[in-house]
Amino acid sequence: MPTLDDILENVGEFDRFQKQTFFVLCLLSAAFTPVYVGVVFFGFIPEHRCFSPGVAELSQRCHGAGFGSRCRRYEVDWNATGVSCTDPLGSLVGNRSAVPLGPCRDGWVYDSLGSSLVTEFNLVCEDSWKLDLFQSSVNAGFFIGSINIGYIADRFGRKFCLLNTILANVVCGILLVFVPTYLWIVILRFLQGLVSKGCWTAGYILVTEVVSPKYRRTVGILYQTAFSVGLLVFDAIAYAIPHWRWLQLTVTLPSCFFLLYYWCLPESPRWLISQGKNDKAMKIVSDMAKKNRKKMPSHFEDIKFEEEDGGKQSPSLIDLVRTPQMRKNTFILMYNWFTSSVLYQGLIMHMGVAAGNVYLDFLYSALVEFPAAFIIIVTIDRVGRRYPWAAANLVAGAACLVTALIPEDIHWLKVIAACIGRMGITMAFEMVCFVNTELYPTYIRNLGVMVCSSLCDVGGVIVPFIVYRLVEVWHDLPLIVFTVLGLIAGGLVLLLPETKGRVLPETVEDVENFHGQSAPKAKKIYLHVQTSEV
């Protein structure tokens, strides 16, 4: 029997209808950037020192002489006559180590023209952990929302999920601008994380379900590349607006226009068919043919969905581990999501340990993602999914090891090796996302992606501790951890089935037969062909 993919061959596999859907969803992907990496600019930590009475006058006279401390202040009289600008402490006492230190009772002085959470709430020294909590709250929201929003998308539809999460994200983003306390900021960031990642993933699922298998991997990669474009735009906006509340408002307001997607975004016909809503699916297919200026063949009169046991299928967490192949896929995908997150974010954090220009560092980390996407597009249809994905993980792990072994005095070579590792893990991160969608049947696809990608959020929560705690033991020790994680991930990928050129599975049985078939058939969705009477 002909499948839904056969219909797309007649009404358009990636024509005007699909291109319009793809474009509007790419805008959504780019808009996800401030939620995922916003802490880089919202929580920017400028150079700071403890404020002491009399320091302002001394600084003005000495033009910023090197005195003061980040978390403790010197208990001396800075207004004393004869203080030297070259060595203020030395001119007051003979032995610098004998200068008494006290707590910062009068706040801090920040070397920054803008404002951030750090400068507004003094999240430094004893309160520096509050900035970690700010980012952890987002990842905690990602983790919980991965399962709950995934279930909503599979139970009530991709479009319903998108519109409601967009609305919730806009409301939380605007409230963040006006709430006066740190506690409410953390709560709202958690709520943003709860809905925003589910929104991005539901968009990814939808954009891959409205195109044919021939274009599925391309739109999946480009959808993620739109996120990379969002990184560049966000970096430019943050450079122009260095005040975090105005920056938050600027990146949130355009998201209001996404609510117009109610009128210009279709529901996934694959999801409608999996739920037994054949008439609505056929209506979307007819609109697709009209938009693409194609004529629906007369013998394609109806789409019918059948199951062996009858009735529609409902998503269940147990289905992810019920059968051997589904269980193996789920655990390997979980580990690769975890590893991709740890290496992706960890390499950025490790390179940021050394002080530098935050805007340039962010720019470099964003630019490296474009050649990674290009390499995937060029190679993936020639050699399949598994081998480029495994190679990307192995290269990332090996590059981390090389970076750790290069001496500190050859800094330029160390940076090149780290960039190669970043490119490798970027490729792996992009591939785990779209291969994840190809390994689960339609009725549980969104839930499967959400559950597996929840390990990405677990990695995002613990990676700061891996980096910042281990660098105190040895600066490059985190890279050794990244090496082990990356090499194991590369080996596990080779245990997954190849999905190149295969139709999306519709049932668990299709997934179980992936290894034994060269081109598995979509057994459950077919066209009821009727001969027109003359």
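Cβ from N, Cα, C; glycine included.
Sequence annotations record features per position, and here TrEMBL assigns transmembrane segment to 21-45, 133-153, 160-179, 185-207, 219-240, 246-265, 332-356, 362-380, 387-406, 412-435, 447-471, 477-496. The domain 'Major facilitator superfamily (MFS) profile' annotation in TrEMBL covers 83-501.
Proximity of the transmembrane segment (160-179) to the transmembrane segment (246-265) is established through 3 or more Cβ-Cβ distances under 8 Å for residue pairs spaced 6 or more apart. Residues of the same chain lying 6 or more positions beyond the ends of the transmembrane segment (362-380) and with a Cβ under 8 Å from any Cβ of it are 40, 217-218, 221-222, 224-225, 228, 231-232, 235, 348, 351, 388, 419, 422-424, 426-427, 430-431, 500. Ranking 133-153, 447-471, 477-496 by CB pairs under 8 A with the transmembrane segment (387-406) puts 477-496 at the top. Highest Cβ contact count with the transmembrane segment (21-45) among the listed stretches 219-240, 246-265, 412-435, 477-496 falls to 219-240 (criterion: pairs under 8 Å). Counted over residue pairs 6 or more apart, the CB atoms of the transmembrane segment (412-435) and the transmembrane segment (133-153) come under 8 Å in fewer than three pairs, which marks the two as apart.
Sequence-distant contacts of the transmembrane segment (133-153) (same chain, at least 6 residues past either end, Cβ-Cβ under 8 Å): 35-36, 39, 42-43, 117, 123, 160-161, 164-165, 185-187, 189-199, 201-202, 205, 315, 317, 446-451, 453-454, 456-458, 460-461, 464.
Listed by sequence, the residues of this chain that lie at least six past the ends of the transmembrane segment (332-356) yet keep a Cβ under 8 A from its Cβ atoms are 365, 393, 396, 400, 415, 418, 421-422, 425-426, 428-429, 432, 435-436, 439, 451-460, 462-464, 466-468, 471, 475, 478-479, 482, 485-486, 488-489, 492-493, 495-496.
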